[in-house]
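Working notes, structure below.
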Amino acid sequence: MQLQWHEKFKVLINNRWLVFVCAMWVQSCAGVGYLFGSISPVIKSAMGYDQRQVAFLGVAKDLGDSIGFVAGSLCEVLPIWVILLIGVVQNFAGYGLVWLVVAGVLPALPLWVLCLALFVGTNGETYFNTAALVSCVQNFPKSRGPVVGILKGFAGLSGAILTQIYLMINFPNESSLIFMVAVGPTIVIIALMFILRPVGGHKQVKPSDNSSFFFTYSVCLTLAIYLLAVLVVEDLVDVSQAIITLFAVILILLILLPVIIPIRLVFFSGPRPPAEESLLSEAQKQEASKSEQDVNEIILSEVEDEKPPEVDSLPASERQKRIAHLQAKLFQAAAEGAVRRRKGPRRGEDFTLMQALRKADFWLIFFSLVLASGSGLTVIDNLGQICESLGYNDTTIYVSLISIWNFLGRVGGGYFSELVIRKYAYPRPVTMAVIQIIMAIGLFYATMGWPGEIYVLTVFIGLGYGAHWAIVPASASELFGLKSFGALYNFLTVASPVGSLIFSGVIASGIYDYYAELQAGLSHQNSEAMLAIPLRDDDVTCLGTICYSITFGILSGLCLVATVLSLIVVYRTKRVYANLYGNSSG
């Protein structure tokens with residue numbers, strides 16, 4: 001009996017669902033960048049910085065969060081546990097140094113040193129994201145949408161999760177939040193880093209996988225509702241430390257709950273029924289037949305590449321002989337693994353990053369992401385001032401709302417994009433086009449200044465922005481393969497901050513400042529006319545729907561352009577998705 005349990009434990013360690021659950025836990029503490037809004041006031045107060053200096057820290061954090069080329073490249077040559085270890089070292093060293101300075105353990109350091117520390121610390125999460133996504137996409141190659149959506153969703157919620165745990169511990173000073181950001185992820189990820197890896201998950205497909213995904217989705221939905229309820233209660237009611245601790249304990253239990261899936265599959269599932277074995281064997285035969293058909297299709301296309309030009313001018317009988325001879329040679333070469341293509345891999349096969357950069361589809365996805373996701377990030381980054389311009393004093397509830405909808409968008413985007421493939425046989429990017437239309441509608445609603453615009457904006461933008469980060473990585477892995485998925489994914493993550501840099505740093509801020517100065521000038525004139533005390537020259541706050549309505553209109557148009565780009569990708573990739581999912585399941 002003891003030997004049997006030992007064998008089952010070995011099976012558990014190599015179960016793809018255990019890897020997936022551990023990846024969720026890694027992602028739950030991987031989004032340290034989302035806590036900058038809570039950390040920056042502590043740094044500002046302790047170091048005596050002004051808002052401009054804090055802005056420099058924010059830029060360093062954003063750069064660290066978006067530059068993941070190194071993580072993606074190393075993932076192709078190093079084991080997953082090494083990738084995680086590099087991220088842990090960066091996170092611990094970067095945020096650890098910031099904590100030592102803010103807590104007064106080290107003397108005050110120049111601003112550029114703290115900027116570098118924040119960049120290094122936040123860049124560590126690119127290693128966590130890359131390791132989690134690469135491992136799970138390889139383990140669930142036929143369920144990439146749900147897997148990516150759930151993992152990215154947990155990353156989006158990590159800020160709220162770490163905040164609740166921090167409140168439970170009740171540290172004596174605020175700088176301890178930085179200490180927890182340095183130490184917390186380090187402990188969790190070191191504990192899990194040898195479990196998180198590819199385990200040949202494509203061989204572990206079971207009919208129960210659908211119910212396992214359903215259970216995981218249920219946990220995600222429960223977690224989102226629970227966190228939203230906790231945020232509302234803590235905002236409206238002065239709760240005791242005991243209640244805060246209870247809230248955090250329930251939260252931790254919800255996060256741990258999905259581990260039931262691999263435990264049940266390994267320890268409480270009986271032997272596989274013969275009917276299920278025959279069913280899976282038949283499915284494997286179909287998959288093999290499909291692969292052979294794909295190879296044949298590739299070989300036939302290679303004939304066109306390898307055929308000498310003079311063949312077309314030969315008589316029909318001689319031309320058929322030459323083509324048949326060339327085809328036979330290519331089939332033989334394929335059997336020996338010696339086919340050499342002049343044009344590189346085709347869509348659906350494994351690309352390197354440099355090969356993908358030469359493909360129009362990759363750039364169409366990238367620029368669609370720049371326009372739509374960049375628009376969403378612009379709204380998220382400016383949400384505080386948007387609320388202020390509309391007359392809302394407490395902006396935290398709306399920031400929390402858009403975070404929850406962001407989470408639901410990531411989880412829902414993965415689910416519905418998978419449904420579109422399985423049920424309707426459409427390429428995954430069609431879901432991206434749909435959510436970009438939804439974002440355009442929400443932004444147009446805000447442009448018109450209709451009632452409840454802030455609620456429409458938080459729901460539509462939160463859902464749309466979040467859904468991009470479930471759909472795009474899965475689409476990239478399907479179109480350009482899994483071999484260099486880490487590098488491809490990290491290149492695409494640059495699109496969102498690039499869009500935000502232009503749309504927020506140039507368009508939104510320029511329009512806001514113009515109307516703020518215009519309103520300040522009118523206020524000066526009115527105050528002088530009424531012999532009142534004039535406003536200060538540095539009062540550049542803009543009030544009213546005009547502050548962002550033009551920006552929303554521009555962003556709405558950009559989302560429609562992004563929709564067109566996504567539909568072009570859909571048109572160009574229909575055959576690829578038909579080959580990938582025509583006869584697949586689960």
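Glycine residues also receive a Cβ, built from the backbone N, Cα and C atoms like all the rest.
Look at TrEMBL and you will find 16-263 tagged as domain 'Nodulin-like'.
Residues or ranges marked as domain 'NFD4 C-terminal' in TrEMBL: 354-577.
Within its own chain, the transmembrane segment (17-37) is flanked in space by residues 57-58, 61-62, 64-65, 84, 91, 95, 121-122, 124-125, 128-129, 131-133, 135-136, 139-140, 147, 150-152, 154-163, 177, 181, 184-185, 188-189, 192, 195-197, 199, 201, 212, 255-256, 258-259, 261-262, 265, 399, 403, which lie at least six positions past its ends and keep a Cβ under 8 Å from the stretch. According to TrEMBL, the transmembrane segment annotation covers 17-37 (among others).
Per TrEMBL, transmembrane segment is recorded for 67-89 (among others). Beyond the ends of the transmembrane segment (67-89), by six or more residues, the same chain brings 26, 123-131, 134-135, 185-186, 189-190, 192-194, 196-198, 353, 483-491, 493-494 to within a C-beta distance below 8 angstroms of the stretch.
For the transmembrane segment (95-120), the list of distant contacts is 32, 42-43, 46-47, 49, 53, 56-57, 59-61, 63-64, 173, 175, 178-179, 181-183: same-chain residues at least six beyond its ends, Cβ to Cβ under 8 Å. Marked as transmembrane segment by TrEMBL: 95-120 (among others).
If you look at the transmembrane segment (177-200), the same-chain residues 6 or more away from its ends with a CB under 8 A from one of its CBs are 13-16, 18-19, 22-23, 25-26, 28-30, 32, 35, 38-39, 42-43, 79-81, 84-85, 87-88, 91-92, 94-96, 98-99, 102-103, 121, 124, 128, 131-132, 134-135, 138-139, 162, 165-166, 169, 171. As annotated by TrEMBL, transmembrane segment applies to 177-200 (among others).
Residues 17, 143, 146, 150, 153, 157, 160-161, 164, 239, 247, 250-251, 254-255, 257-258, 260-261, 265, 397, 400-401, 404, 407-408, 411, 415 of the same chain lie 6+ residues outside the transmembrane segment (212-233) yet bring a C-beta within less than 8 angstroms of a C-beta in it. Taken from TrEMBL, the feature transmembrane segment covers 212-233 (among others).
Among the features that TrEMBL reports, transmembrane segment is placed at 239-263 (among others).
Per TrEMBL, the feature transmembrane segment maps to 362-380 (among others).
TrEMBL lists 395-417 (among others) with the feature transmembrane segment.
According to TrEMBL, the transmembrane segment annotation covers 429-448 (among others). Among residues of the same chain six or more beyond the transmembrane segment (429-448), those with a C-beta under 8 A of the stretch's C-beta atoms are 365, 368, 372, 375-376, 379, 409, 413, 416-417, 420, 454, 456-457, 459-461, 463-465, 467-468, 471-472, 475, 548-550, 552-553, 555-557, 559-560, 562-563, 566-567, 569-570, 573.
Sequence-distant contacts of the transmembrane segment (454-476) (same chain, at least 6 residues past either end, Cβ-Cβ under 8 Å): 133, 137, 144-145, 147-149, 152-153, 156, 362, 365, 369, 372-373, 376-377, 379-380, 383, 386-387, 390, 392, 398, 401-414, 417, 427-429, 431-432, 435-436, 438-439, 441-443, 445-446, 485, 488-489, 492, 496, 559, 569. The transmembrane segment annotation in TrEMBL covers 454-476 (among others).
Summarising the annotation, TrEMBL assigns transmembrane segment to 488-512 (among others). Beyond its flanks by at least six residues, the transmembrane segment (488-512) meets 62-63, 65-69, 71-72, 126, 129-130, 133-134, 351, 353, 356-357, 362, 365-367, 369-371, 373-378, 381-382, 385, 389, 468, 472-473, 476-477, 480, 542, 547-548, 550-551, 554-555, 558 of its own chain at Cβ-Cβ distances under 8 Å.
Among the features that TrEMBL reports, transmembrane segment is placed at 548-571 (among others).
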